[in-house]
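Going by TrEMBL, these are the annotated features:
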type     : residues : note
DOMAIN   : 20-119   : domain 'Ig-like'
DOMAIN   : 123-204  : domain 'Ig-like'
DOMAIN   : 209-291  : domain 'Ig-like'
REGION   : 450-475  : region 'Disordered'
SIGNAL   : 1-17     : signal peptide
TRANSMEM : 408-431  : transmembrane segment
Amino acid sequence: MLVPTLLVLFFCLRGRAVPPEAPQVLGGPSVSLVAGIPANLTCRSRGDARPTPELLWFRDGVRLDGATFHQTLLKEGTTGSVESILSLTPSSHDDGATLVCRARSQAMPAGKDTAVTLSLQYPPVVTLSAEPQTVQEGEKVTFRCQATAQPPVTGYRWAKGGSPVLGARGPMLVVVADASFLTAPVSCEVSNAVGSANRSTALDVQFGPILQAKPKPVSVDLGNDAFFTCVWRGNPLPRVTWTRRGDAQVLASGPTLRLPAVGPEDAGDYVCKAEPGLSGLGGGAAEARLTVNAPPVVTALHSAPAFLRGPARLQCLVFASPAPEAVIWSWDDGFLAAGSRGRFLVETFPAPEGRGGQGPGLISVLHISGTQESDFSRGFNCSARNRLGEGGTRVSLGRRDLLPMVRIVAGVAAVAMTLLTIITGVVLCCWRHSKASFSNQKNLVRILGSSDASSSRGHEEEETGNGEDQGPIVHTDHSDLVLDEEGALEAKDPTNGYYKVRGVSVSLSLGEAPGGGLFLPPSSPLGPPGTPTFYDFNPHLGMVPACRLYRARAGYLTTPHPRAFTSYIKPTSFGPPDLAPSTPPFPYAAFPTPSHPRLQTHV
């Protein structure tokens, strides 16, 4: 305190000391700046201060370095003004900060201060977050975009992997997570009048294996190495294994399979497999074929035996990679690759796919027309060649004799004739048996007697007229016939067709005489005794209803008497029979007169 006071007194005594005035900051008391853009703050001191004041910059009591001092002199050597310029590049953190410009001199060591406040305009400061950050594929995720800016925010824009998300305009975005979010980050861009800023974030999406690159078929020459590549993508990284199709043995793990010095046995299909992820989704298998280039493999196919002087066909199967240049048939005195030569013709066809890696297949056929003895004893060679070598096989022609075929045909014919004979015999036996059974069926006729039989006969005589002129007339009246259920019985003519009379076996309910003979009327004097006359029953049989045929009734004899229907000569007159005392009289029924013309028999 003593030294500054002495200095002031010293200048005052000299009459020349003037303390400085408060400095002026241009643009104050509040200066608007843009964050990130360099700017200058100017502090100026005016007046006749003696000595010349010093201008200093302070922030929060800490002196700032880097200010540029500039002094302007007036005429006559007097000091006009003093300026101090502070250069700075403000940031958003400088918004609202206060800077102080202080003017001091020896006349006023404490100096005078002028404060200025910084007002910054800055583009948005963005913070982007995702909830949750680690998700399973298929779950929902919410993105939040927070920003501070001066002046205020004017808009939001969302993008995924650099491509705009249509329809998203606010500070929040909700999506369903999939595998693409792992490699395509989500970004949020915020804008205001000063500028814009954006932030990006990637999700930790867990998903099952996805095949990105399938293995490709490989073709290598015999003895070289073979390589397969299979790329799977997943989170976490999937485990990839290699196997041969049909075999569970693991050959390798990882995206690459190497098979050293391959041989024909290595040809086939190889499978790369990825297990599903933690979510149980994804995974699968892909396969590729290894083809080993080698000399052709030729196999003889079965050929049917041939007859002498008949057609024949020989076949061979060829597998080769690369494809064979030619397939050649050769024998003792010739060879043929294609086309025809004499009795020989060669054709080639594509073969069905063989075992994996064998290459394309061919079937070569040698046709022989009119075989000879030498064809069955000689050998035929089928061979094929490609750039790696040649392969072949021997094919023989089998012979078929005609004699066994003739024997077979003869045997079949003999068996057929034997069967035909047996069947014919069985049919004839059955037919005869049925015919015998049919002929044993009999028509049963029951004739009932009555006391007025004489009157019936008298009436009949009146109808017949004079018997002497017409000869003896025989007729038999009956009331019921029983026939076989299956139809009328076979006609049996005892006159061998002379009278064309259908004989019907009937059983009469007649008693026997004491002597054991059948009671018969006395012989007619009009004709010779014992001469039978037959009557045709066909017209009357036609009058019997079908429902009454062969109906079993009491009173019918199961076995007809041999003379039951023997015709007799009508006597001129006869009385009632003289029956035995122990034999009851027979009732006779009056039968209606047949409606058909009477059968007249002249004896």
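Just so it is clear, glycine is given a Cβ too, placed from its N, Cα and C backbone atoms.
Taken through DSSP, the domain 'Ig-like' (123-204) splits into 4 helix, 49 strand, 29 coil. Per DSSP, the secondary structure of the domain 'Ig-like' (209-291) breaks down as 3 helix, 46 strand, 34 coil.
The average pLDDT for the domain 'Ig-like' (123-204) in the predicted structure is 92.
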